[in-house]
Every structure is written in structure tokens, then in C-alpha cells.
Amino acid sequence: MCSFMLVFQIIAKAAMTVVIGFEGSANKIGIGIIRDGEVLSNPRRTYITPPGQGFLPSETARHHRAVILTVLQEALEQAGLKPADVDCVAYTKGPGMGAPLVTVALVARTVAQLWGKPLLGVNHCIGHIEMGRLITHADNPTVLYVSGGNTQVIAYSERRYRIFGETIDIAVGNCLDRFARVIKISNDPSPGYNIEQMAKKGSQYVELPYTVKGMDVSFSGILSYIEEAAHKMLESGQCTAEDLCFSLQETLFSMLVEITERAMAHCGSQEVLIVGGVGCNLRLQEMMGVMCKERGAKLFATDERFCIDNGAMIAQAGWEMFRSGHVTELPDSWITQR
Amino acid sequence: MAEESSMAAAELLRQAELLKQGAEARLYRAVFLGRPAVVKQRFPKRYRHPVLDERLTHRRTVQEVRSILRCRKAGISAPVVYFVDYTSHCIFLEEIVGSVTVRDHIASTQETHPNPERELEPLADGMGQILARMHDEDVIHGDLTTSNMLLRSGASDLVLIDFGLSYISALPEDKGVDLYVLEKAFLSTHPNTEALFDKLLKSYAAASKKSPAVIKKLDEVRLRGRKRSMVG
Ligand SMILES: Nc1ncnc2c1ncn2[C@@H]1O[C@H](COP(=O)(O)OP(=O)(O)O)[C@@H](O)[C@H]1O
Ligand SMILES: [Mg+2]
């Protein structure tokens, strides 16, 4: 009996799969380790630019290069693992910024060869969705994916993720970031976080353009309107910077909740999962929650550890792929900006 | 008067049967002066700021009624508007009795028919034609999906509904985006229907006087979608 249990445990242990994931498609560099759905470690660094400035590809890549080996060491140490314990090395194949993607892919490729482990190129968007599903246990949700580069409403049908709605111009995070630059809001820890805090102190609702086209949205009109009007409104004392943050959030998030609801009605879905960096905004989560309640639906969301770009999400998507028999051969281990 | 009628509307809805919770409104079955009707009520959305909510709800009720009338005047099939109450944001519409949405019709044909593609071709033709006529009247629907088109019972007549996001524009760009929105909704809702949608576009192009500029814009908008940067 006893020895049977022991054998069983050894087999069970041997069957466990450990995947390390490398993410660096934008201004975050993260490395995470996952063992069968358990996050063993997930350290991350962010390249922060001065107020008024965005992050450029080559400088972002330089930042990632400077810290990536430290982050790798942290990931292994926090997980209490040696390279030999890792079964597969996953990295972000794209979409994202070229230079940072190349930098991180290069390191992933190198360690895979050094450690003699298979390599796996992972789609960044799938990483967000798989991580959200792992953490929240959402079963078959309509997914709102909102970040600096993406705004999409996605649902799973016929064995594929399908995009039902999206932005027809800029992403919601991009709109927030660029607004922050206009009125010089700090990028530390992130422009979105600071807008969220300022919005809590705003009270006056300033009317902004509102553009929804079916399940699609457009943000460029709002951005150019506010770029044009912000300084005038602030100088004339018509409203405060906090009021602008408040009004911008209320408008953008209403549009996002509206298209999510439209996709749910169209697909007959009763679950929503919010993923991506903008998804950790509590006001967005609150508004989505109210909508879900009115429809008798359920909301799933995660906090900044898993919403914002991180290594564990790449490890998790890689884990799913590895378990279903995928690997990426070295000559195929390219990256793609789209 | 407005208050009285809105009280009456509220009273009516209490007794009415909830037909559907749509994307933004609730639809109730009712009888209006002896005729089968649906009441489309845009109830307050508590997730959004009350000022924004009132503004959107009012504008959409107005636009819906306006565009339905414009279509009907041009002989394009849409439900008759019986009555509007701008206080409770209710529109009383002709019920398209025994109708199914094009969405459900395509889905069930795909499930049951041996050659759904062939079977659905006339429908794709019909959709292309009705949309061409709508665009020729400069009506931009704003929310084209297969849920927002009905098929009369047993017939192949299409009826356009749900004009809340509609507006009037003669710009090819606006019409191109209208088709782009439909294309994505169509292809994501109904897998493996690329050829069918192509058929729809061909019939649109043949039926509309102004189609070359619109199709050109559609191609541009598609390309823009593919070129969008996806950082972060
Ligand atoms: N005039 C009508 N006759 C019969 N059914 C209708 C009518 N109008 C709407 N419906 C049904 O109700 C659903 C939702 O209506 P719709 O106008 O699209 O509202 P929403 O804006 O909430 O989507 C439609 O998809 C259709 O099934
Ligand atoms: Mg509808």
C-alpha cells in the first residue's frame, strides 16, 4: 500500500510540467514560472519615462536588456527551481514593439539552448486570456481585452477565439496614455493608474464625443477633442484636471461596457472576463459589474499582478500549448510586430 | 400629456410579456389599438453617468424613429412605428409576427442543411440589396449584425430593425465602415461564411448606384485594421 502510494506520487510528480515564460512586448519586462496552474514566481520591471513622454522602441529594448538577467535570477530563486527543473521555455512572439520583442526572444532562445529545453513562441493576446481564465476560473466568457495596444471583445466559438468587436483606430490604453502626456500626468507607476486616482477626486462631468459603431468603438475623436480643448478648459477654470480624468474615464469605459454588452446579447453569453493592463482599473470593473448584474451575468477580473503584462501569462499559454504537443523549432522562433 | 402617456406606458409594460433583453433595450410584447406590437424600452443603464445615459438614450430613441420613417418612406422594409414616448424612452413598433432573426436562420440552416451555402445564397443576395437601398437613402445603420435583421415567417422578406445607432450621411467612408462592422460581426458569428458574405457584397455592389466609392472605402478600412499597431 505504502509503496504503491510512493510510486503514485513519483509518477504524479514526473507528470508535472514546469514552464518559464518571457514577456517584453512593450515597456514591461516580466519572467514567470508556472507549474500545472500554480504561479511559482512572476517578477517584473517597468520602463518608466518622464511625464509628457512615451516609450520608444530602442530605449525600451535597452531597459529590458539591462535588467532581464536579474529578473531571470529572481524568477528562478523565488520559485526555488534550477534550470534543470524547467520543461519548456516560452516567450512572446508578438504582437508588440519590434526591438523589445527581439531582445527578449534572444534571451529566451539562448537559455533554451543552454538548458537544452524546447522553445515555444506564444501570442501575447492568448497569454492575457489564458491567464485570466486560470486565475478566475471563468468557463466560457466574453472577453474584454483592454491594454495600451489593444481593445477587443473576444468570444470562443467553434474551437477558435473570434473577435466580435474592437477599436477601429487607437486602443483605449493608448488614448489614456496620450491624454496623460497632454496634461503632464506622471508615468509612475503608470499613466492609467494616476488617471484613475485623479478621477476619484473629479466630480463635474464634461461632455466628450462618444463613438460606438455596433460592437466597435473609436477613440481618436475623443483624443483629438481633448487634446485641443484640455488646456483651454483648465486655463479658463471651466473644470479641473481631476474633472477631465473623471469625464474621460466615464466616457471611455461606458463605450467599452456598451460593446461588451452588445457582444453578450449577440452571442447569448452570461460571463465577462476583463484582461489586459486597463482591466485592473477598478472603476471599469465596477461599471462592468453593474452591467452584468442587470443582465444576470457574472463578471471575472484580476488585479494588476496578472492584468498588466507579465511573464506568468506567457508561461501559462505556453503550458497549454506544450501540453497539447506544440514546440517552436529554432529556425521558426521569430517575432512579429502584429 | 407627456406625463400621462408615460404613466400609461409604464402601466402597460407592467402587464406586458418580456420578449427579449436585447443589446441595450428590453422588448415587450403588447397590443396597440388592436394590433400586435412590441414595445422597445431603453431603460436607464446604471453603469454610466446619468447625464451621459440620458443624452445617449434620448438621442438613440430619436434616431431610431427617424431612420425607420426614412426607410419606410423609401419603401425599405422596417417595422411601423405606432407611438413614441420620449419620457420613458419607449417606442411602440409593429410586431413582425412569427419572424426569426437572420442570425438564428443562418445558424439553423448551417446545422440542418446538407448544402447550407447554396441554400443561403438568395438570402445573401437579399441582404445586399436591402442594404444598398438603405445606403442610397443615406441611412447609416450603425449596428449591422444578423441579429438586427428579421425574416418574416415563411417568407424571404427581410426587415431591418434596431436603428438606435443610425444616422444620416452621404459619405462613402461612413457607408464603408457600416459594411465593415457587418463583415466582422457576420464572419465571427457564422464561421465559414466568407463566400456567402462575398455574395452579399457583390449583390450590394450591383444594386447600389454609389457602390464603387463605398467598396473602395471598405477596402481602406480593412487595411487600416490590419496595420494598427498593437503595442502593450
Ligand atoms: N418589430 C419586431 N418584431 C418582432 N421582433 C422584434 C422586433 N423588434 C425587435 N425584435 C426582437 O428583439 C430583439 C432585440 O431588438 P433590437 O431592436 O435589436 O434591440 P437592441 O437594441 O436591444 O438590440 C431583436 O433581435 C428581435 O429578435
Ligand atoms: Mg439588436
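Backbone N, Cα and C atoms are what each Cβ position is placed from, and that goes for glycine too.
Whatever TrEMBL says is automated annotation, not expert-curated.
Listed in TrEMBL:
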BINDING   A:H124, A:H128, A:Y145, A:D309  divalent metal cation binding site
BINDING   A:Y145, A:V146, A:S147, A:G148, A:G149, A:D177, A:G192, A:E196, A:N281  substrate binding site
DOMAIN    A:44-315  domain 'Gcp-like'
SIGNAL    A:1-17  signal peptide
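Taking the features listed in TrEMBL, we show where each one sits on the structure.
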residue	record	Cβ contacts under 8 Å, 6 or more apart
A:H124	divalent metal cation binding site	A:E23, A:S25, A:T92, A:K93, A:G94, A:P95, A:G96, A:D309, A:I314
A:H128	divalent metal cation binding site	A:Y145, A:S147, A:V275, A:G276, A:M313
A:G149	substrate binding site	A:A26, A:P95, A:G96, A:A171, A:G173, A:N174
A:G192	substrate binding site	A:G173, A:L176, A:D177, A:A180, A:G277, A:V278, A:N281
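Taking 8 Å as the upper bound (exclusive) on CB-CB distance to chain B, the binding-site residues A:H128, A:Y145, A:G149, A:G192, A:N281, A:D309 give A:G149, A:D309 in sequence order. Take the mean position of the Cβ atoms of A:H124, A:H128, A:Y145, A:D309, the recorded divalent metal cation site; other residues of that chain with a Cβ within 8 Å of it are A:C125, A:G127, A:I129, A:S147, A:N150, A:V275, A:G276, A:G277, A:M313.
Other C-beta atoms found within 10 angstroms of the C-beta of A:Y145 (divalent metal cation binding site) number 24, with every protein chain shown included. The number of other Cβ atoms within 10 Å of the Cβ belonging to A:D309 (divalent metal cation binding site), over all protein chains shown, comes to 27.
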